[in-house]
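> One structure, pasted below without further comment.
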């Protein structure tokens with residue numbers, strides 16, 4: 001209902017919340033499943049088998065993605081995106097039952113959320129400044145420091161002692177305001193959104209059916225979501241504010257305006273409902289809205305249940321890319337050594353190789369190796385920049401990266417990719433229902449789906 005009616009003297013009736021409790025299993029005394037043991041093993045594999053190669057070949061300078069311990073142990077993250085005043089904050093308040101508590105997120109008809117708000121679990125209600133969150137390396141937010149102090153002032157954390165937050169973290173974002181320049185925000189808004197998009201396990205893009213303007217900032221956002229289609233859910237919120245016929249028209253219009261932005265064979269799931277505690281308007285499709293809401297909650301629950309599989313698959317994807325990067329640098333270095341003679345000018349020789357790696361079959365020779373997909377190969381241009389900062393002579397060949405006690409770096413990462421991580425994945429699948437551990441979800445096959453690839 002429109003905000004004016006809420007101010008009415010008679011408080012609107014609240015809906016029953018039991019379906020929330022049941023679907024998200026908030027009342028169950030969950031048996032402490034051995035997540036901590038699996039996480040310990042995962043950290044050990046990462047530190048002993050993946051990180052050495054990552055450091056040795058400075059992978060972070062190519063991808064700008066260093067995995068911290070905070071990221072390995074972090075909970076699944078649900079990101080709320082969309083235009084301003086579509087009900088993102090109200091939806092979080094509703095899911096967590098924060099309405100009329102001191103910690104409800106501020107909501108209203110104007111653009112109200114100007115910060116990136118991270119809602120996470122804590123023993124008691126408290127607010128944490130962004131500067132403090134970024135300084136704490138145990139949290140997964142320390143890499144956000146690179147966006148500068150202006151941004152950290154727009155980052156805020158809220159700890160809430162809520163059962164759901166023991167298993168998931170919510171991130172509320174400032175609404176997209178069309179015709180608003182990024183510069184006015186004072187920090188790189190799109191880059192920050194991209195950082196959260198790359199790490200989110202579920203991305204809710206929320207729309208208000210009464211304001212469907214798909215403008216430039218929203219187009220930009222969908223461009224950033226490329227490659228993450230399987231994580232996106234579109235929410236047509238406040239659905240009970242329209243008559244059924246009007247709602248159908250808007251549903252069609254939404255798909256029409258989003259179609260050019262999301263070109264995938266399978267369109268993302270759209271949920272049509274009103275995500276807030278008040279009762280649905282009479283004469284609207286109450287049953288449909290409730291069913292849609294339960295479907296969305298089941299979706300959320302699925303992400304929480306698959307948390308460990310996704311985490312292991314994510315580390316394995318990372319390991320695959322680190323291995324490919326190491327093989328490429330090794331190949332560049334080997335080619336350089338082969339071409340160098342006593343009289344050569346090293347810089348000239350290397351410039352030839354970097355300018356035209358195909359002439360020296362650098363990428364082709366990597367594809368000839370087992371288990372390398374051409375879709376996982378990085379961009380050739382990226383290596384021009386990479387070697388511009390990291391001289392080729394500062395690297396060692398893979399064959400020299402072995403020690404008597406520690407074994408060889410390459411062998412260790414290959415063992416992690418082909419044996420240790422799939423075994424770890426198998427060990428958590430044992431206690432679960434069969435069929436949950438499908439390779440489609442976890443990418444445990446030999447040619448994994450790269451859910452985390454940047455376009």
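Cβ atoms are placed via backbone N, Cα and C, with glycine included.
Please treat TrEMBL annotations as automatic predictions, because they have not gone through curation.
Feature list, courtesy of TrEMBL:
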type     : residues : note
REGION   : 1-28     : region 'Disordered'
COMPBIAS : 1-10     : compositional bias 'Acidic residues'
COMPBIAS : 11-28    : compositional bias 'Basic and acidic residues'
DOMAIN   : 72-313   : domain 'Dynamin-type G'
> Do any residues of this chain, six or more beyond the ends of the compositional bias 'Basic and acidic residues' (11-28), have a C-beta under 8 angstroms from a C-beta of it, and if so which?
1, 5, 95, 97, 163-164, 277-280, 290, 293-294, 297-298, 300-301
> Summarise the model's confidence over the domain 'Dynamin-type G' (72-313) as a mean pLDDT value.
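For the domain 'Dynamin-type G' (72-313), the model's average pLDDT rounds to 84.
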> Reported in the order helix, strand, coil, what are the DSSP residue counts of the compositional bias 'Basic and acidic residues' (11-28)?
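So the counts come to 6 helix, 1 strand, 11 coil.
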